[in-house]
Amino acid sequence: MELMEHDGPVALVRGVTFRVVNKCPFPVWPAAAPNAGHPVLAGGGFLLPPGQSRRVSAPPTWNGRFWGRTGCNFTSTATNHHGNAAAACLTGDCGGRLACNGTAGAPPATLVEVDLHEDQSKGSSYDVSLVDGYNLPVAVWTKPPTPGAAAADRKCVIPGCAKNVNAVCPPELQVTAAAAVVACKSACVAFGTDAFCCRGAHGTAETCRGSAYSRVFRDACPAYVSYPYDTAAAAARCYAEVYVLTFCPSRWGAGADRVAQA
């Protein structure tokens, strides 16, 4: 798929650039929410048609998360039973708004968690988390830092999934629309128990060791964090001026080499 750069307003700050790419065969509405004390990027959300990309600028010490929304329709004026705007997106909705303006998305949604550091010796860290569930595959890597570099450093690449999680999602975790599975809840989101959410008596790495449900995520997406104390998927720690976030990075099972070359 040929990618087209989409020009549009971005946060007017210097530091790091996130290149957000949509290789899905359908529109994605990327969104970003900062942690406390950090600015909202690109209004917090925007439309990204298939085959297009957009550059979003961030301060060199920004902390927060990115996710993709699917099946959105922002033309409706419907409200829910609380009188608030009804969900505009099938997955990842943020109060029915196109620009989330810092509001976190509704789970389940695949999250890219980012912790930037200005000090190159410390490196910035990032991971892809399914702790709140899954809706889209996403890959993250650093843009090659020097001209002529063939690809991102392998340790800086978080590849996409080996399987379509929605296709293997247990029925009790499925989110459906028009008879199709559009997202897969985590066990914590679905059942809310301390054991699945790793809290209370289960709030340590020793007492929270995952479940059959988190292993479904682990099998499909080995590089993603599948539950809160998942140590098998370590966060990448790489300093760069450009980070690439790609939704639907490749066909299921394609390796990190192909992803990093994209």
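Going from the start of the chain as shown, residues are counted 1 onward.
Glycine residues also receive a Cβ, built from the backbone N, Cα and C atoms like all the rest.
Worth saying up front: this structure is predicted, and the values here are computed from it rather than measured.
Disulfide annotation in TrEMBL: Cys89 is bonded to Cys72, selected among Cys24, Cys72, Cys100. Between Cys169 and the candidates Cys156, Cys184, Cys188, TrEMBL records a disulfide bond only with Cys184.
The record in TrEMBL pairs Cys238 in a disulfide bond with Cys156, which is drawn from Cys156, Cys161, Cys188. TrEMBL records a disulfide bond between Cys221 and Cys161, which is the match among Cys94, Cys100, Cys161. In this structure, the C-alpha atom of Cys188 (disulfide bond) lies 25 angstrom from that of Cys72 (disulfide bond). The closest partner of Cys248 (disulfide bond) among the disulfide-bonded residues, by CA position, is Cys156; the full candidate set was Cys94, Cys156, Cys197. For the disulfide-bonded residues Cys156, Cys161, Cys248, the greatest number of Cβ atoms within 10 Å around a candidate Cβ is found at Cys161. Cβ-based neighbour count (10 Å, all protein chains) for Cys72 (disulfide bond) stands at 20. Proximity of Cys221 (disulfide bond) to non-local residues of its own chain (separation of 6 or more, Cβ distance below 8 Å) is seen for Val128, Leu130, Tyr134, Pro137, Gly160, Cys161, Ala162, Lys163, Val165, given in sequence order. It is Cys184 that, of the disulfide-bonded residues Cys94, Cys100, Cys184, Cys188, has its Cβ surrounded by the most other Cβ atoms within 10 Å.
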